[in-house]
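Taken from Swiss-Prot as is:
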- 31-81: disulfide bond (DISULFID)
- 35-57: disulfide bond (DISULFID)
- 43-62: disulfide bond (DISULFID)
- 47-64: disulfide bond (DISULFID)
- 21-82: domain 'LCN-type CS-alpha/beta' (DOMAIN)
- 81: cysteine amide (MOD_RES)
- 1-20: signal peptide (SIGNAL)
(Lines of atoms letter the chains of each structure in order from A and count residues from 1; the text may use other names and numbers.)
(Lines give C-alpha, C1' and ligand atoms only; values in the text may rest on other atoms or scores of the structure.)
Protein backbone atom coordinates (compact mmCIF):
# COMPACT_ATOMS: atom_id res chain seq x y z
CA UNK A 1 0.00 0.00 0.00
CA UNK A 2 2.86 2.38 0.85
CA UNK A 3 4.45 1.54 -2.48
CA UNK A 4 1.25 2.43 -4.32
CA UNK A 5 1.00 5.78 -2.51
CA UNK A 6 4.65 6.52 -3.32
CA UNK A 7 4.08 5.61 -6.98
CA UNK A 8 1.03 7.89 -7.26
CA UNK A 9 2.90 10.71 -5.53
CA UNK A 10 5.75 10.40 -8.03
CA UNK A 11 3.32 10.54 -10.95
CA UNK A 12 1.73 13.70 -9.55
CA UNK A 13 5.14 15.30 -9.08
CA UNK A 14 6.13 14.45 -12.65
CA UNK A 15 2.85 15.96 -13.86
CA UNK A 16 3.62 19.22 -12.08
CA UNK A 17 7.10 19.45 -13.59
CA UNK A 18 5.92 18.62 -17.11
CA UNK A 19 3.35 21.44 -17.10
CA UNK A 20 6.04 24.07 -17.72
CA UNK A 21 6.02 25.44 -21.21
CA UNK A 22 8.75 26.48 -23.59
CA UNK A 23 8.93 28.63 -26.66
CA UNK A 24 10.00 31.91 -28.23
CA UNK A 25 9.44 35.02 -26.13
CA UNK A 26 7.32 37.73 -27.75
CA UNK A 27 7.79 41.49 -27.80
CA UNK A 28 4.96 44.01 -27.35
CA UNK A 29 3.99 43.71 -31.04
CA UNK A 30 3.58 39.92 -30.95
CA UNK A 31 6.87 39.24 -32.77
CA UNK A 32 9.61 36.92 -31.55
CA UNK A 33 11.98 38.74 -29.18
CA UNK A 34 15.09 39.36 -31.26
CA UNK A 35 18.57 38.54 -29.98
CA UNK A 36 20.37 39.25 -33.24
CA UNK A 37 22.52 42.13 -31.93
CA UNK A 38 22.15 41.50 -28.18
CA UNK A 39 25.02 40.64 -25.82
CA UNK A 40 25.72 37.11 -24.67
CA UNK A 41 23.36 36.04 -21.88
CA UNK A 42 20.58 38.42 -22.94
CA UNK A 43 18.05 35.68 -23.63
CA UNK A 44 18.85 33.84 -20.42
CA UNK A 45 18.21 37.04 -18.46
CA UNK A 46 14.96 37.76 -20.30
CA UNK A 47 13.75 34.23 -19.63
CA UNK A 48 14.59 34.54 -15.92
CA UNK A 49 12.62 37.82 -15.78
CA UNK A 50 9.60 35.88 -17.09
CA UNK A 51 10.23 33.20 -14.39
CA UNK A 52 11.62 30.69 -16.88
CA UNK A 53 14.28 28.18 -15.89
CA UNK A 54 16.69 28.97 -18.74
CA UNK A 55 16.97 30.35 -22.24
CA UNK A 56 19.31 30.95 -25.14
CA UNK A 57 19.53 32.78 -28.44
CA UNK A 58 18.12 30.43 -31.08
CA UNK A 59 19.22 32.82 -33.79
CA UNK A 60 17.59 35.23 -34.34
CA UNK A 61 15.15 35.00 -31.38
CA UNK A 62 15.13 34.16 -27.66
CA UNK A 63 13.95 30.65 -26.78
CA UNK A 64 13.00 29.82 -23.16
CA UNK A 65 12.47 26.66 -21.11
CA UNK A 66 10.43 26.17 -17.95
CA UNK A 67 8.10 29.12 -18.42
CA UNK A 68 4.96 29.44 -16.31
CA UNK A 69 1.67 28.99 -18.16
CA UNK A 70 0.76 32.70 -17.94
CA UNK A 71 3.69 33.75 -20.17
CA UNK A 72 2.68 34.23 -23.80
CA UNK A 73 5.00 32.58 -26.30
CA UNK A 74 5.08 32.96 -30.07
CA UNK A 75 2.88 30.54 -31.97
CA UNK A 76 2.73 30.18 -35.74
CA UNK A 77 -1.04 29.58 -35.63
CA UNK A 78 -1.77 32.83 -33.75
CA UNK A 79 1.06 34.93 -35.21
CA UNK A 80 0.18 38.66 -35.22
CA UNK A 81 3.66 39.95 -36.01
CA UNK A 82 3.64 42.66 -38.67
CA UNK A 83 -0.13 42.43 -39.14
CA UNK A 84 -2.61 45.19 -38.36
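Glycine is treated like the rest: Cβ placed from N, Cα and C.
Projection of Swiss-Prot feature records onto the structure.
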residue : record         : DSSP class
31      : disulfide bond : coil
43      : disulfide bond : helix
57      : disulfide bond : strand
62      : disulfide bond : strand
81      : disulfide bond : coil
Length of the line joining the Cα atoms of residue 64 (disulfide bond) and residue 57 (disulfide bond), in Å: 9
Taking Cα atoms as reference points, which of the disulfide-bonded residues 31, 43, 47, 81 is nearest to residue 57 (disulfide bond)? 43
Which has the fewest other CB atoms in a 10 Å radius around its CB: 31, 43, 57, 64, the listed disulfide-bonded residues? 31
Which of the listed disulfide-bonded residues (35, 47, 62, 81) has the least company, meaning the fewest other Cβ atoms within 10 Å of its Cβ? 81
Which of the disulfide-bonded residues 31, 35, 81 has its Cα closest in space to the Cα of residue 62 (disulfide bond)? 35
For residue 81 (disulfide bond), the closest of the disulfide-bonded residues by C-alpha position, picking from 35, 43, 47, is 35
